[in-house]
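**Student:** Quick one: the structure is below, and I'll ask about it shortly.
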Amino acid sequence: MRVIATIGEFRAARAAMHGAVGLVPTMGYLHEGHLSLVRRARAENDHVIVTIFVNPTQFGPSEDLSRYPRDLPRDLALLEAEKIDVVFAPNVAEMYPPGFGTFVDVGPIAAPLEGAARPGHFRGVATVVCKLFNITTPHRAYFGQKDAQQTLVIRRMTLDLNLPVEIIVCPIVREPDGLAMSSRNVYLNPKERRAATVLFRALQAVQERFRAGERNGDALRAAMRAVIDAEPLAHPDYVSIADLDDLHELDRVTSRALASLAVRIGTTRLIDNCILEA
């Protein structure tokens, strides 16, 4: 496994790869969710590239860029065990040199939910992913369903800019108690960690109501909110029942919908989602 920090050196390594190339973009501090993407990429491609880059342009001024967990030696050990071809781990100056000024604005799909709660977030995400696609030129790129809106943003960007990359979305990987795996879970103290299962419990509640025949959007949102309101440490940013294609809030679910939520547990903001299918 090669570890490369510069675009020039990476491009030389990429030129020597023949066959299908899969890309797994990450911000590091890897967990089993990331590794599930790596294994899927390994099964479907001749070569696998993992990028590790904590992207500053997707963090707001009051967000957790400075304390976002980082442990490159640990990440590299995990990836070595997965038999990855190349890890591309640039620094900020390599990705955003002096004078950098071009950003990708994806449009309406980036506006609601995470886009409303974190202004500028998806502008940063789309820009860095576009750059990584251009640098690594993969045939396929792998993302997790936990960041559902992000996957829609990246699909839209790839379509609109005619990027020759197949976007593959993989299932959420959960802890035994249902908490979606996230690098930010490390922020939680033991009491907060127990409370954090409220996100999964809220999704279970809305799925149960949906299976029982409830299709009213407000009633489904209320089912999630009731579970969150019963947890003293939980403070919701949003609960949503939205169209799976464009994320507009639904009055009534007629086919498929995305049930999603963002909740603060202490100072830690967590997200989760599930798909409701009629």
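The backbone N, Cα and C atoms fix where each Cβ goes, glycine too.
Note that the coordinates shown come from a computational prediction; the quantities given were computed from them, not determined experimentally.
Heads up, here are the entries from Swiss-Prot:
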BINDING   27-34, 144-147, V173, 181-184  ATP binding site
ACT_SITE  H34  active site, proton donor
BINDING   Q58, Q150  (R)-pantoate binding site
BINDING   Q58  beta-alanine binding site
**Student:** Round to the nearest Å and give the CA-to-CA distance linking S183 (ATP binding site) with H34 (active site, proton donor).
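**Tutor:** With distance taken Cα to Cα, H34 (active site, proton donor) is 10 Å from S183 (ATP binding site).
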**Student:** Measure from the CA atom of Q150 ((R)-pantoate binding site) to the CA atom of G33 (ATP binding site) and give the result in Å, rounded to a whole number.
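**Tutor:** A Cα-Cα distance of 16 Å.
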**Student:** Have a look around L30 (ATP binding site) and count the other CB atoms within 10 A of its CB, chains all included.
**Tutor:** 24
**Student:** For Q150 ((R)-pantoate binding site), just give me the three-state DSSP call.
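**Tutor:** Assignment for Q150 ((R)-pantoate binding site) reads helix.
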**Student:** Tell me which residues of the chain lie with their Cβ under 8 angstroms from that of V173 (ATP binding site), as long as they are six or more apart in sequence?
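**Tutor:** In sequence order, the residues whose Cβ lies under 8 Å from that of V173 (ATP binding site) (at least 6 apart) are H31, E32, G33, S36, G144, A180, M181.
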